Amino acid sequence: MISRTIRILGIDPGLRRTGWGVIDVEGNRLIFVACGTVESRESLPLSERLLAIHEGLVRVVSEHRPLEAAVEQTFVNKDGAGTLKLGQARGVAMLVPAMSGISVAEYAPNLVKKTVVGAGHADKNQIQVMLKILLPKAAPPTPDAADALAIAITHAHHRQSAMLLRKVAAL
């Protein structure tokens, strides 16, 4: 049986830095494609910062042509204004792939950590160690790019689990 290659874009939304990571999935094999960070200057008005994120992610989608995307969910914290701004960046991160007809999944940060490291409260160093094992050719330039790759890996794992469950249910 020939397995189809699925290209997945993982996005770690942030107003200062939005990480992105692209992987290919062939069966149960993960292949690193690219990763990086879209940055916006704090000195700019919010609308221009959101536009910078939008334009950067449009370039990523256009260049790498993912078939599926995944975005990290955010939680409300003590800084309500900061949470709202992060939510706006997250909205842009979900909108860009959706505008290209790409389905967008969402994953909680603890689920990403549990999927990649095996512990829901893993730290960034543990994530980077596992990324080196799972994607040896990846060298994320920022922690945000590393997180985005972890989000893409989480989506790859959960989509395969869902496919297996559908096959078992059909028996």
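Glycine is treated like the rest: Cβ placed from N, Cα and C.
In Swiss-Prot this protein carries:
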| type | residues | note |
| --- | --- | --- |
| ACT_SITE | Asp12 | active site |
| ACT_SITE | Glu72 | active site |
| ACT_SITE | Asp144 | active site |
| BINDING | Asp12, Asp144 | Mg(2+) 1 binding site |
| BINDING | Glu72 | Mg(2+) 2 binding site |
DSSP-derived class (H/G/I helix, E/B strand, else coil) of Asp144 (active site): helix
Neighbour tally for Asp144 (active site), based on other Cβ positions within 10 Å of its Cβ: 24
